[in-house]
Amino acid sequence: MLQKIALSENDTKEYPKYGLYAYGEGQYTEKLRNMQFNGIPVLFVPGNSGSYKQVRSLASVALRKARDSRSPFHFNFFTADLNEEHSALFGGVLSEQTRFISICINRILSLYAKNRNSPQSVLLFGHSMGGMVAKGVFLEPTFVPGSVNTVLTLATPHASPVMMLDPYVASYYQKVNSFWEVGDSNRLLISVGGGHRDLLVRSGLTLEGNISTLSTAVPAVWVSADHLCILWCKQLVLSLARALFDSVDSKTKLLSNDPQIIYEAFNYHLLNRNFGKRVASAFYPSNTDFDKEGEWREYLRRQFTVKETHLKKPVYIMVRIVPNDLKHEFVSIEAIGIERRDWVYGCNADLVYKHVRMCETGMNLSNFTKFVPSLMKRRKSVTFNLHSLKKQGFSHVVVRVPPSSNEVVLNIDVFSRQERILQVNSLPSIYSRSPVDVVEVTSVGALYYQLQLPTLEKAWHAANLVFEANCAAQNHHAVATLATDWSSEDSHAFVTSSVSQSLPLKLHLLRPNGIEKSEISHVTLQLDPACTYNVKIEPSPAMILGQLVRFYAPQLPAYLVAVLLLALRAQLNGVAEGQTCIAFHSAIASGSKPYFLMPILKVSVHILRLGPVAKIFPSSDWILLYSQGLDMFFLPLILYCVASFAAYVFGLAIWIAVVVWGTTANKILVRFISRSIFGGFRWSEWVLGTFAKLPWAVAFLLVALAYATCGALALAAGLCFYFLLVVKMYEEYLEELLKVPLRLIKGQRTEIWGRSETFLSELHFHCTGLLLWAVTTGLHAPCALAWARAFPFETRLSPDPSLAAALALCVCAPVLWQRQMPRQYLKHGQEMSGILFGVAALGLIFAPVSLYRLSPFLVAAFMMVCLQQLMAKQILPIPEPSAPAATAAIMEKAETEEEPPADKEKQS
């Protein structure tokens with residue numbers, strides 16, 4: 001049940017789109033209706049297009065846990081209704097949402113004012129962009145210090161937005177991240193990402209905070225979750241609920257005022273859980289006295305397995321530490337069926353009791369235990385450097401198997417570094433076809449292998465690790481885990497009797513600049529000792545391509561704009577020399593070659609990194625790319641080639657739309673205007689024809705539409721009109737082609753192709769203009785979505801980052817939509833060519849990440865082209881005399897010179 005919480009009258013008027021609700025079920029429903037709150041407050045902040053009802057998953061689990069465990073405390077979950085706004089696409093709502101959340105915090109705390117033990121803080125729980133809004137609350141003037149100490153986020157892009165589509169989201173991120181970069185021991189940020197299944201938010205962007213991890217690395221979760229499913233993933237929700245309960249002070253029955261206690265609770269459940277479901281159960285005593293009457297065993301083999309059932313007394317398995325023996329350098333122990341917390345120790349076997357050598361006491365080493373990802377039974381393991389333990393004075397590692405009626409299995413493997421810790425110096429390239437054999441056959445009885453991958457550090461480094469089992473056992477189990485030393489982003493693959501998976505070798509967070517070279521990626525193989533395995537790394541072009549798309553696809557719009565501007569430049573260069581405007585695809589082939597642009601781009605980026613230059617110019621996006629490890633030498637060339645292909649496809653799509661759907665769209669619009677405006681009269685064709693002849697009237701209407709609603713809507717309407725205008729031009733071109741036979745019959749040969757080429761030249765130019773207008777509209781499409789979402793509450797979008805671009809293009813429209821465009825032999829043709837080239841280069845320097853900067857560059861290009869076409873004078877070339885006329889002039893001159901003088905006198 002969701003109960004709406006009333007806000008003050010002023011707040012309700014100021015934020016009519018938003019609301020505050022409280023969630024309850026079962027025995028808490030009646031208290032909720034009576035506005036009686038005596039629990040611990042948690043406020044859920046939904047993200048991009050998120051619903052306030054998404055709080056139900058964690059809230060329901062937490063309430064049922066409090067009820068079933070008969071806990072003396074419970075949590076009150078509140079949730080903010082943010083109108084399901086597209087906060088990831090339109091940053092103009094972020095500041096407003098943040099102010100509202102600050103008001104909600106104060107209102108929630110006021111609900112507990114009459115309680116004897118009232119809470120002083122609220123835990124904020126944010127999903128997606130809701131996590132950024134929760135972080136931004138600390139900067140609000142109405143925020144009360146201490147009212148929020150912990151922020152928990154799921155799938156929140158902390159490092160940077162997925163796509164920076166407007167200046168408001170860029171400003172918001174810069175402001176919030178600058179505040180959080182200054183550490184404060186009184187606040188905590190806990191972040192969980194979804195892994196490779198989250199296709200909306202790249203998980204590398206989520207790995208920031210005091211505790212940051214992916215769901216694949218959370219103990220007992222070990223699965224990836226998509227962007228929405230992360231809210232409903234049962235394993236993860238249970239871990240979060242347990243962490244919340246462990247964060248409560250047992251005396252006050254409220255969230256602890258000590259951030260270290262909250263940190264330890266979430267650190268245990270999200271990163272280092274190695275025993276029970278409570279943090280208190282994981283505190284290990286340092287020393288333990290052993291039972292002399294227990295059964296003590298010492299095996300001399302380096303690899304062995306112990307299976308026991310129905311034990312009536314404890315069994316102690318001793319592993320001898322042999323000094324200075326490389327074959328006894330490490331030991332890995334896997335336990336199945338041992339449920340006790342304390343189970344592995346280091347000791348000095350200096351006691352002989354009943355002719356048996358044993359240890360009297362031991363140092364508890366169980367805190368080094370780690371859960372092993374498993375599809376069958378619960379497994380835990382430890383790995384020790386035996387030589388290091390010897391330096392501490394131990395002679396043996398002892399495993400204690402307690403009395404139990406269940407089956408207990410111990411797998412023990414003693415090995416050397418050279419034998420099991422292998423370094424893979426290179427991964428298969430994208431051109432490779434054959435796999436790389438890492439281990440042809442694992443050692444018999446081997447339990448542990450580690451593959452070090454020092455070259456796995458860039459986005460395009462990707463491959464598949466395949467390990468195949470050769471085993472006669474029916475229930476064998478093996479797991480491979482990829483991990484990095486700089487982040488918690490483990491991923492796993494299993495090989496069992498019924499499952500055979502390959503492990504994707506790819507990164508979510510690239511190797512940061514400036515870290516130690518010793519910090520690398522590595523794969524840990526936890527094998528079944530009853531089997532042998534073949535381990536190899538196979539090339540995966542599809543995975544490499546997927547990584548490139550995941551990391552670099554948001555930069556493609558900048559390169560697409562550059563290609564379009566260079567194509568327009570090639571068309572205008574030909575027109576300036578008196579040629580007809582070439583086709584768009586020909587312009588891409590001839591004018592969009594990267595030979596000149598790419599070197600200028602690389603040189604400019606390096607110059608802008610210099611200290612004195614960096615202080616003068618705005619910050620280049622390449623500095624951000626370099627800091628995230630996304631810069632590479634051939635990156636611009638690859639993206640430019642992809643953008644050229646995309647531009648070719650979009651140009652083809654425009655032509656297909658004009659040819660195939662143009663007439664249909666025109667008829668639909670004519671019918672719509674006829675029925676909706678003129679009540680069925682067939683005046684609509686006359687209206688469209690009039691608007692086509694008077695583009696300034698359409699521009700005036702678009703300006704009015706932009707001011708009344710939003711600029712993006714005016715751009716979309718202008719795009720539709722421009723499309724219909726191009727369709728009309730295409731129809732006139734077809735009509736001109738149909739008149740060719742009649743002119744041939746009449747003998748009008750000089751007019752046959754002249755007018756057709758003129759029509760075609762104009763059509764080519766306007767198709768390019770239509771495509772540039774479409775790209776501009778697409779960059780501002782999120783503004784139209786935000787306006788549509790807020791329309792029931794306000795008819796005009798505020799703030800509107802698309803308004804300036806819409807007004808500028810509407811001013812250019814009366815010139816741009818002239819059918820006689822482009823004019824030939826205009827002055828300043830070379831200057832215009834240089835301007836378009838410079839605008840394309842500036843877009844690639846300053847806007848590959850900050851996509852909102854592309855719109856001003858496009859608008860500037862439109863305005864400069866229109867100014868030249870409107871104001872520049874034509875410089876017509878002096879026509880050279882044709883060959884017949886020149887011959888006649890020469891013959892006339894010769895005849896004049898040959899006349900005799902007498903004839904000249906007679907004539908005079």
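Heads up, residue numbers simply count up from 1 along the chain you see.
For all residues, glycine too, the Cβ spot is worked out from N, Cα and C.
Mean pLDDT, taken over the domain 'GPI inositol-deacylase PGAP1-like alpha/beta' (37-246), works out to 93 on the 0 to 100 scale. Marked as domain 'GPI inositol-deacylase PGAP1-like alpha/beta' by TrEMBL: 37-246.
Here TrEMBL flags 637-661 (among others) as transmembrane segment.
The transmembrane segment annotation in TrEMBL covers 696-725 (among others).
Summarising the annotation, TrEMBL assigns transmembrane segment to 770-789 (among others). Note on the transmembrane segment (770-789): residues 83-86, 89-90, 92-93, 165-166, 557, 560-561, 564-565, 568, 584, 647, 650-651, 654, 709-713, 715-716, 718-719, 722-723, 726, 797, 800-802, 805-806, 809, 851-852, 854-855, 858-859, 861-862 of its chain, located 6 or more positions outside it, place their CB under 8 angstroms from a CB of the stretch.
The annotation transmembrane segment is assigned in TrEMBL to 801-817 (among others). Packing against the transmembrane segment (801-817) from elsewhere in the chain are residues 92, 166-168, 695-696, 698-699, 702-703, 706-707, 710-712, 714-715, 718, 721-722, 725, 769, 773, 776, 780, 783-784, 852, 855-856, 858-859, 862-863, 865-866, 869-870: each is 6 or more residues past its ends and has a CB under 8 Å from a CB in it.
What TrEMBL lists as transmembrane segment is 829-848 (among others). Within its own chain, the transmembrane segment (829-848) has Cβ neighbours under 8 Å at 555, 558-559, 561-562, 565-566, 568-569, 572-573, 576-577, 596-597, 600-601, 604-605, 608, 618, 620-622, 625, 636, 854, 857, 860-861, 864-865, 868, counting only residues six or more beyond its boundaries.
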